[in-house]
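As given in Swiss-Prot:
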type     : residues : note
COMPBIAS : 13-37    : compositional bias 'Basic and acidic residues'
COMPBIAS : 38-76    : compositional bias 'Acidic residues'
MOD_RES  : Ser2     : N-acetylserine
MOD_RES  : Ser2     : phosphoserine
MOD_RES  : Lys4     : N6-acetyllysine
MOD_RES  : Ser5     : phosphoserine
MOD_RES  : Ser13    : phosphoserine
MOD_RES  : Lys15    : N6-acetyllysine
MOD_RES  : Thr52    : phosphothreonine
MOD_RES  : Lys92    : N6-acetyllysine
REGION   : 1-102    : region 'Disordered'
Amino acid sequence: MSEKSVEAAAELSAKDLKEKKEKVEEKASRKERKKEVVEEEENGAEEEEEETAEDGEEEDEGEEEDEEEEEEDDEGPALKRAAEEEDEADPKRQKTENGASA
């Protein structure tokens, strides 16, 4: 009889260990998923662009567009200055462009 009780106790402890191991694995899995969600939120659009790009060409095109936008941003202040200089040279033109009558 004592052999049966020892075997039963061993089976129970093995089951308990297995259940505990599964719980620990589930908890680790949940932590990993939460970590991934946080990383996705932090990276946001960057990850989406990388995942949707199937080959390097599509990704390169996006970089070229970014460079063009940066160049346009750089030109913005220079164009504004040039327009202001023209307005100073021709005040009547400035008034008509702003909607006031000349």
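Placement of Cβ uses the backbone N, Cα and C atoms for every residue, glycine included.
Values in this document were obtained by computation on a predicted structure and should not be read as measured data.
Cα spacing between Lys15 (N6-acetyllysine) and Ser5 (phosphoserine): 15 Å, rounded to the nearest whole number. Note: the Cα of Ser5 (phosphoserine) and the Cα of Ser13 (phosphoserine) are spaced 12 Å from each other. For Ser5 (phosphoserine), other Cβ atoms within 10 Å of its Cβ number 9. Helix first, then strand, then coil: DSSP counts for the compositional bias 'Basic and acidic residues' (13-37) stand at 25 helix, 0 strand, 0 coil.
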